[in-house]
């Protein structure tokens, strides 16, 4: 169907529904469809799709760098409460901005001592955010923050959390409802190595229980204050007014008894330890109950260390659940008394009983093998058992192997054991190998080992070098004569 391209003066304008829009692309450029009329030009204007404008690029969000608290070095806190290894915090990767570095760089270097890029949120940041938002902090949040400070051994952050508790909830720690939070604070300060702060907080507590007693005694014992731990235990046991917390039912007081027995062994308080033994019999209700608990292992270790090996043997024979720690105490007790064959016999009996041996069992047994006069034959058997169980590369086992082989003048086997050690080699292992080389007449190997120790960063004590050189001089004089 055709259309006229001329428009008459008298003719009416065509209706819109009479004009058909082309549906094919070739109609836009066809010559037959072109027209010189302005109305037709408007009517037949080529159609183009409406394109959306390009998206505006959104700048990436900038993550503010958060500070990470400084973890105290092991040299500053030599004694700590035994806990599991602490996990690493999630790292927030943030770009390097000069404004943030200028503002927070000095503060981060002074408080945490770490780079701003490798940082994470701290308990202080959480409390500061809660204060800015004017949100109340409940007891559960305080407990979570204190637990985190205890995991990372961050005493500075823990002190700030404690100050925030005293500022926001001053009466919480004075009520029975705040006893759980106070015990958490005690454990945190004890785990961070601040035993004096834990003791001050314990003295200020209006309400105490067996958990409070166990935590403070464990903190004092771990810090080396064994006498204070024993005096506090006696004070709590004879305290007038009400029942003593140590006799309350529960599990925490068992840990308190274990810690007290360990302190008795360190201070060699035989009479006090026997009184604690009697208290355990009174509370638990007989020998069978005592031997089933961790107190039995502590009693075996206590009597074995103080030279009463007969009492330790009686307790060991009556113990039903004999753990690796109990077997290690028996082996160490026989070795301490010079009964090396009996010590090795306990090791073999442990294998026949199907008990799992750990690195401490092998280390104690190798100490007995080093003093046997069999030319290292028993030590080689124990070494083979360690290889079979996969503990031959442990640091304790390797140090004992080096010492045992060197005492039997077997430097080749000692060098092999030294080469298979995993991780960092301690000074005892280096010293055992050096003295063994010197006593065996391997002067060149001893000199090479001295240079290796220096390259490895081992502090060369004058006593070690003097002992090695003296052994070489004595050996040369013997050979000359």
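Residue numbering: from 1, along the chain as shown.
Just so it is clear, glycine is given a Cβ too, placed from its N, Cα and C backbone atoms.
These features come from TrEMBL:
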COMPBIAS  51-62  compositional bias 'Pro residues'
COMPBIAS  63-74  compositional bias 'Low complexity'
COMPBIAS  109-120  compositional bias 'Low complexity'
REGION    50-120  region 'Disordered'
REPEAT    323-357  repeat 'PPR'
REPEAT    426-460  repeat 'PPR'
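Looking only at the repeat 'PPR' (323-357), the predicted model's pLDDT averages out at 91. Sorting each residue of the repeat 'PPR' (426-460) by its DSSP state yields 27 helix, 0 strand, 8 coil. The DSSP breakdown of the repeat 'PPR' (323-357), given as helix, strand and coil counts, is 26 helix, 0 strand, 9 coil.
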